[in-house]
Amino acid sequence: MAESHLQSSLITASQFFEIWLHFDADGSGYLEGKELQNLIQELQQARKKAGLELSPEMKTFVDQYGQRDDGKIGIVELAHVLPTEENFLLLFRCQQLKSCEEFMKTWRKYDTDHSGFIETEELKNFLKDLLEKANKTVDDTKLAEYTDLMLKLFDSNNDGKLELTEMARLLPVQENFLLKFQGIKMCGKEFNKAFELYDQDGNGYIDENELDALLKDLCEKNKQDLDINNITTYKKNIMALSDGGKLYRTDLALILCAGDN
């Protein structure tokens, strides 16, 4: 099935979903190593079998990743390589998803109750707004299809809603700074202890200066994951979640807390 889709001149949203599932064998949300090489090999074979040339985007992709063992792409990158239907592709090209800071601000707009999740109806409104900003409108049936596909693509724990880290897979890999924090997340007890330590005035939130101190310490302790030279970027992206410069416990937990235990 993936072969016939890779031979198409236009790939629908549902076909794109099937292609992604075919190659993302471990369900990580990214293609890397053998998965990525399988995609490149099957793409070249499928196009050749159908007597089709690789598109310029495909050629660039193959040249960039074909000889690399350390390549890694997300859904966004694949959507730009394959001839995906225009309105679905626009969801990956919108301004709100070109930088992590803009993405965080958009997340804050839709996670209005600070629950740490965006549920189905909120996701539908989010996608509708993205398309409207690109001067595109789709009917309710198509919007529902896109919403359902986004949940299937990103909802890794199948709870019917998206966490920040799941939603962040809409970002290009190089823009997704949350990946840097995946390996250093704390359990709930450790996180609460850290929050109280850096909330130096005990007012229930962390301001920019307190966050700066926390990030510096995290960078010192986790040099393999975090680069102290990128503190300004980390801080700017995290503060985009704040409420008027006040970063509350639930907001910071989205970045640094792995769970309740």
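Each position is counted from 1, following the chain as shown.
The backbone N, Cα and C atoms fix where each Cβ goes, glycine too.
The feature Ca(2+) 3 binding site is assigned by Swiss-Prot to ASP155, ASN157, ASP159, LYS161, GLU166. The Cβ of ASN157 (Ca(2+) 3 binding site) lies under 8 Å from the Cβ of GLU166, each of which sits 6+ residues away along the same chain.
Annotation comment: Swiss-Prot describes ASP199, ASP201, ASN203, TYR205, GLU210 as Ca(2+) 4 binding site. Counting only same-chain residues at least 6 apart in sequence, those with a Cβ under 8 Å from the Cβ of GLU210 (Ca(2+) 4 binding site) are TYR198, ASP199, GLN200.
Mean pLDDT across the domain 'EF-hand 1' (11-46) comes to 92 in this model. For 11-46, the entry in Swiss-Prot reads domain 'EF-hand 1', with the evidence type sequence analysis.
Residue counts for the domain 'EF-hand 4' (142-177) by DSSP state, with H, G and I taken as helix and E and B as strand, are 23 helix, 3 strand, 10 coil. Among the features that Swiss-Prot reports, domain 'EF-hand 4' is placed at 142-177, with the record citing sequence analysis.
Positions annotated as N-acetylalanine by Swiss-Prot, on the basis of similarity to another entry: ALA2. DSSP assigns ALA2 (N-acetylalanine) to a helical segment in the three-state reduction.
Per Swiss-Prot, the feature region 'Interaction with RANBP9' maps to 2-7. Beyond its flanks by at least six residues, the region 'Interaction with RANBP9' (2-7) meets 15-16, 18-19, 22-23, 42-43, 45-47, 49-50, 52, 82 of its own chain at Cβ-Cβ distances under 8 Å.
Of all the binding-site residues given, namely ASP155, ASP159, ASP199, ASP201, the one with the smallest number of surrounding CB atoms inside 10 A is ASP201.
Apart from ASP199, ASP201, ASN203, TYR205, GLU210, the residues listed for Ca(2+) 4, the same chain places the Cβ atoms of TYR198, GLN200, GLY202, GLY204, ILE206, ASP207 within 8 Å of the centroid of those Cβ atoms. Taking the C-alpha positions, the distance from ASP155 (Ca(2+) 3 binding site) to ALA2 (N-acetylalanine) comes to 22 Å.
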